Amino acid sequence: MSPSYDVIVLGLGGMGSAAAHHLSARGARVLGLEKFGPVHSHGSSHGGSRITRQSYFEDPAYVPLLLRAYELYEELEQATGREIATLCGGVMVGRPDSRTVAGSLLSAERWNLPHDLLDAAEIRRRFPTLSPKDDEVALYEARAGLVRPENTVAAHLQLATRRGADLHYEEPVTRWEPYRDGVRVHTPENTYTASQLVICPGAWAPRLLDDLGVPFTIERQIMYWFQPHGGTARFDPAHHPIYIWEDATGSQVYGFPAIDGPALGAKVAFFRKGTACTPETIDRTVHDHEVAAMADRMSRHIPALPGRFLKAATCMYSNTPDEHFVIARHPAHPDNVTVACGFSGHGFKFVPVVGEILADLALTGTTAHPIELFDPRRLAAAPAV
Ligand SMILES: Cc1cc2nc3c(=O)[nH]c(=O)nc-3n(C[C@H](O)[C@H](O)[C@H](O)COP(=O)(O)OP(=O)(O)OC[C@H]3O[C@@H](n4cnc5c(N)ncnc54)[C@H](O)[C@@H]3O)c2cc1C
């Protein structure tokens, strides 16, 4: 007979590991099924750091979720003793009318979030490594900083296991279907049944959630680590912020202080400058011309940063057309299936609160968190007539 559970979680990356934790903390009998091992680098939740911030330029609707995520970072840190979030402060730099600056200011004002507006001279004075143009300004947020993706996933998996969740690694879901009042899920090893299925497939969404009708684009993205000229002392997180920097063309780069000691330098990346790929065909080699383009761009904003190139790694974004998330009951299976995907390169900072929302949806069918923006029906292709 098939083993039976209250909830099966497909995918134990960022979102799925958080869902497994919140579900099992509420007493649900949980099975987690993951294609790879625990905390791996084949998807979207690796690379040592992710930016977190509250004055959210993407849309003020995200702010209440961020406020809750910050509370949950602390709970997670206390429950596991792992380093989850480091609030070293952050600057959103660009022209006053750039999306990065104007959008951040809109969220800060709408939600009354503490922030400072800095002109170019003030940016240079407070953060001597940064070299803005005279017409650039910054919104500074003391509560911005970074979260640790691997530690966060490991912490959620640890807590889920502690509450009795069955977490199976190297066991991919090959297919699933509605079954009696729930679902039946197949893997090469076994067939399982459950009342509820929560699908958190990351970059595998195009195939696993084809029936949502959402045109996802999976993108290859690169993270770069450079050894700054003169070493990492000036990039210490005690006094160096995270930054997102938009130039006059609208292109954004972002980066971190030197959080892993002198040998590992500091990490930078382009935001949303990816090339379309699939998880099966992604080019994992980072090429010299890509490193050169990153170094060239950073030398305009933070001349001390691109000293020696240390290493690079690839990662995938799962983009929706409007770059807003998909978090909902599955429209075709509203009683038994919940989906979380399309995080469009900005999902990690929300991981703990997404876990809470997924547990709400799977166990009660609804959530008190504001998730109207994330309804997949906004993106579904019109049915052919
Ligand atoms: C380079 C880069 C930089 C980023 N920077 C930021 C940032 O600064 N701030 C921020 O907030 N966000 C950032 N993001 C985005 C954020 O990391 C992602 O939104 C988030 O990690 C997505 O989590 P996920 O759970 O959807 O995907 P994943 O963590 O990839 O999890 C999906 C899981 O599903 C599993 N899976 C897939 N198919 C199956 C199957 N058939 N059976 C079983 N398991 C399966 C996969 O193996 C994987 O473990 C960045 C992303 C990248 C790539």
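For all residues, glycine too, the Cβ spot is worked out from N, Cα and C.
Remember, TrEMBL labels are computer predictions, not curated facts.
In the structure as shown, the Cβ atom of His22 (FAD binding site) sits within 10 Å of 26 other Cβ atoms. The FAD binding site annotation in TrEMBL covers 6-36.
What TrEMBL lists as domain 'FAD dependent oxidoreductase' is 6-361.
What TrEMBL lists as S-8alpha-FAD cysteine is Cys315. Counted within 10 Å of its Cβ, the other Cβ atoms near Cys315 (S-8alpha-FAD cysteine) come to 23, all protein chains included.
Within 10 Å of its Cβ, the residue among the binding-site residues Asp6, Glu34 with the fewest other Cβ atoms is Asp6. Proximity of the binding-site residues (Asp6, Gly14, Ala18, Arg26, Val30, Glu34) to ligand 1: a Cβ under 6 Å from the molecule is found for Gly14, Glu34. The two recorded residues, Ala18 (FAD binding site) and Cys315 (S-8alpha-FAD cysteine), show a Cα separation of 20 Å. Counting in whole angstrom, Arg26 (FAD binding site) lies 32 from Cys315 (S-8alpha-FAD cysteine) by their C-alpha atoms.
Highest Cβ count within 10 Å among the binding-site residues Leu10, Ala18, Val30: Ala18.
For Cys315 (S-8alpha-FAD cysteine) paired with Glu34 (FAD binding site), the C-alpha to C-alpha distance reads 18 Å. In the three-state DSSP reading, Asp6 (FAD binding site) counts as strand.
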